[in-house]
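Report on the structure given below.
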Amino acid sequence: MNAFKLSALARLTATMGFLGGMGSAMADQQLVDQLSQLKLNVKMLDNRAGENGVDCAALGADWASCNRVLFTLSNDGQAIDGKDWVIYFHSPRQTLRVDNDQFKIAHLTGDLYKLEPTAKFSGFPAGKAVEIPVVAEYWQLFRNDFLPRWYATSGDAKPKMLANTDTENLDQFVAPFTGDQWKRTKDDKNILMTPASRFVSNADLQTLPAGALRGKIVPTPMQVKVHAQDADLRKGVALDLSTLVKPAADVVSQRFALLGVPVQTNGYPIKTDIQPGKFKGAMAVSGAYELKIGKKEAQVIGFDQAGVFYGLQSILSLVPSDGSGKIATLDASDAPRFPYRGIFLDVARNFHKKDAVLRLLDQMAAYKLNKFHFHLSDDEGWRIEIPGLPELTEVGGQRCHDLSETTCLLPQYGQGPDVYGGFFSRQDYIDIIKYAQARQIEVIPEIDMPAHARAAVVSMEARYKKLHAAGKEQEANEFRLVDPTDTSNTTSVQFFNRQSYLNPCLDSSQRFVDKVIGEIAQMHKEAGQPIKTWHFGGDEAKNIRLGAGYTDKAKPEPGKGIIDQSNEDKPWAKSQVCQTMIKEGKVADMEHLPSYFGQEVSKLVKAHGIDRMQAWQDGLKDAESSKAFATSRVGVNFWDTLYWGGFDSVNDWANKGYEVVVSNPDYVYMDFPYEVNPDERGYYWGTRFSDERKVFSFAPDNMPQNAETSVDRDGNHFNAKSDKPWPGAYGLSAQLWSETQRTDPQMEYMIFPRALSVAERSWHRAGWEQDYRAGREYKGGETHFVDTQALEKDWLRFANILGQRELAKLDKGGVAYRLPVPGARVAAGKLEANIALPGLGIEYSTDGGKQWQRYDAKAKPAVSGEVQVRSVSPDGKRYSRAEKV
């Protein structure tokens, strides 16, 4: 055969191979397109599978608790016979078993799983449904446990979402819960919130007349004397704001204009002054003010600029939502209860945009909240630009379907395969700081470490690989966060492997931390607000499979998940660098590494001129006291669940010299549901609900007292006491972890309006709050130290202020807050309805939601057949969830 013939044959072979490859790729894409049209239905079968024949312990379920779920995939198109496919999905619960031998499910990382066919797979027949029963760990008590945007892949085809899961409307693919599927145990004493049970719950609330709210300020001042006359703001206000820097003065003027009170020279005069010498004793603190509102003018005297700003916010608090323009004349003396009144926002798990952050800061300022704890990094995302380390945002700032994770992190939390994410540029972050500074808010940046660091670890590995390939070995290792000798088998709280933890024993880890602190500190300086507090993070540096809910198969204990714990390691256990440090006596053991690292980071913090470090308390648990750290002050976010012993352990931290910022999950975690109803959003490991009333009733400076006013996770009473001294809390912070909020409106729904209850409790100590007494035991349902009548009266006032006045202001601020679902019943053929925040409008429908009518409690409508109810925002633009009575 001559050369020409060989060449022609080679070209023909190559062409056929190319065409074959094209054909294969087209076939893969066709298969993915077909799979994307499968309709998913998720149905909860049994949240207490262990009581009904499933051996959860043998399956290795934490605390031997598991549930059963049914996945149904319906095929309305042509038969699908191909086996070379994967469907990816997200779940906060570990899959323990698949009860259909045609399918298998494997865990990838975090909440990402893949569903694949086995050799026994017989296809998805045309016009038929295939059922896949699954056993998963724990419980799935709220429908948001079932995440959207399942997606299919095959070969090199472009991934594609299952169409009916590409939504935030869970009704499209998650079946309603039925019966007692919402219960965690058969003895669960929580009350399922329905229109009927809400009607009972709201029975002690009524709409107060406007006169009863006259002169009421939120948050409540220390002392107020309301006078008979009114001040008229209908011609606007003439503001003397010379005591404030211009950005703060502009904020005040803009707030008046937003609420319908124009700023003009012929308006009602409001004068301001700063006289620190006028304030004595407990009043001589930042933010204190005196306010005199007369018929002809008002005067605000502040201890400092913050005091002037807050006094003006108190005037704004009085402005009615109906635009009438008249406010009560009064005298007030006021000062904050705590120096730290905070909101924590996680933008790492799911990113939230700059505009949403600014709206949050607006509302924080209006309600005198002064600390913005900004969670900028976690396993699932890195959200701030760091000059010199572009990989942090190029890789760690976005998620997509890249199994190698060289261009992005893998998808999490139901986002789908497409590129998702975002980050704050250097200028964005400076803008946010300036915006906060103008509103008397300190920005506290948090870069979480040594655990919850996967985004940083993966990003720095991408950097390492790139520079290593270029032969720049020294530069490649400069900021590397892993010890390549470490083969530890660990599982983090949210099911990541050892990549979740940066290695605290490496010099390169310290260089990385120093670099990040330095760059962020420089941004703060340029913004005019030098960092006062650096947040170290520090939480959850552990292997959950070595936790109390698991037991080793060699000596199994009842009530626990049985696993082979001999294969489990503590974080960094097999790191040769860490092993050497322990041998040299630099640290006692692996358990002490997080606290050791916190001490080392505190030296870097101090070197950057930052006087205070803060952390989640478990990250510092092995340090002897706050004096073990280089900074002169150390704060802890105390997040022990109160009914599991937090009422006592909190004292230990205060007595060791830490500034305790009360952050208890069961009261002030705003990522938990508002009520016990499967249609609400949120995680619920600490409590099944935290509504505005529960947060309002929280006593942050006397933890045991809360046993009389609340229940545990299962709705049971509990007892609480501590025999230890209690020096007092430094502050109160409400947290929004963002795993369950993929959009900005979802974020705002979870924060507001309960953040207003946080503002009330952090600024004002109520008369019904008891002084802490060592040794006093509060027994839920038995003791009655708390004046519950005073508490209920106080809540009635506050609930009416929210419903009649403050929610309308949130409307004007563009905030997508949660509207409560009404309580309702039909009695003698007439609809009776009520609401948790009196003053909000209620609507009802008798035709399946096609038409809605306003409910009038004074003329209860006659109804028959199916009736639905919902509440409506004061501006008439938004509605609560509608429910059948």
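Quick reminder: no glycine exception, Cβ is built from N, Cα and C everywhere.
Feature annotation (Swiss-Prot): of 706-725, 866-885, the stretch labelled region 'Disordered' is 866-885. Within the set of recorded positions Cys56, Cys505, Glu540, the entry lying nearest in space to Cys400 (disulfide bond) is Glu540 (CA atoms). In sequence order, Ala49, Gly50, Ala64, Ser65, Cys66, Leu96, Val135, Gly561 make up the list of same-chain residues 6 or more apart from Cys56 (disulfide bond) whose Cβ falls under 8 Å from its Cβ. Within 10 Å of the Cβ of Glu540 (active site, proton donor) there are 18 other Cβ atoms, across all protein chains.
Rounded to a whole number, the distance between the Cα atoms of Cys408 (disulfide bond) and Cys505 (disulfide bond) is 26 Å. Sorting the region 'Disordered' (866-885) by DSSP state (H, G, I as helix; E, B as strand; all else coil) yields 0 helix, 8 strand, 12 coil.
Ranking the disulfide-bonded residues Cys400, Cys408, Cys505 by how many other Cβ atoms lie within 10 angstroms of each Cβ puts Cys400 at the bottom. Straight-line distance linking the Cα atoms of Cys578 (disulfide bond) and Glu540 (active site, proton donor), rounded to a whole number, equals 18 Å.
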